[in-house]
Amino acid sequence: MDPVDPKLEPWNHPGSQPQTACNNCYCKKCCYHCQMCFLKKGLGISYGRKKRSQRHRTPASLQDHQNSISKQPLSRTHGDPTGPKEQKKEVASKTETDP
């Protein structure tokens, strides 16, 4: 083993840099090309910027449809609030007249 100059940084030591440039191939040989290729291709770890996912905007025709629905009055599915009171009064009046 050849002695290494102590003044050189570790990334400049002979043999620390691969002789060929990195490429986009994912074969076994290229995955083990260098540490960066191994992390990126072999393990699937990349530290680059993540792409923002675009929110899908609704077309104008659908927005108009939603606006028209919200302007309509809400229908009451629970029944008329005056209904049960009147029924109780009717039941009470029937029981009073029957005896």
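Backbone N, Cα and C define each Cβ position, glycine as well.
From a predicted model like this one, the values you see are computed outputs, not experimental measurements.
Annotated features, as they stand in Swiss-Prot:
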{"type": "REGION", "residues": "22-37", "note": "region 'Cysteine-rich'"}
{"type": "BINDING", "residues": "C22, H33, C34, C37", "note": "Zn(2+) 1 binding site"}
{"type": "COMPBIAS", "residues": "48-58", "note": "compositional bias 'Basic residues'"}
{"type": "REGION", "residues": "48-99", "note": "region 'Disordered'"}
{"type": "REGION", "residues": "49-86", "note": "region 'Interaction with the host capping enzyme RNGTT'"}
{"type": "COMPBIAS", "residues": "60-75", "note": "compositional bias 'Polar residues'"}
{"type": "CROSSLNK", "residues": "K71", "note": "ubiquitin cross-link"}
{"type": "COMPBIAS", "residues": "77-99", "note": "compositional bias 'Basic and acidic residues'"}
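Structure with Swiss-Prot features highlighted.
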residue	record	Cβ within 10 Å
C22	Zn(2+) 1 binding site	13
H33	Zn(2+) 1 binding site	18
C34	Zn(2+) 1 binding site	16
C37	Zn(2+) 1 binding site	18
Shell list (Zn(2+) 1; ref centroid = CB of C22, H33, C34, C37; cutoff 8 A): P18, N23, C30, Y32, Q35, M36, F38, K41
Segment-level pLDDT (mean, integer) for the region 'Cysteine-rich' (22-37): 88
DSSP-assigned states of the compositional bias 'Basic residues' (48-58) in counts, ordered helix, strand, coil: 0 helix, 0 strand, 11 coil
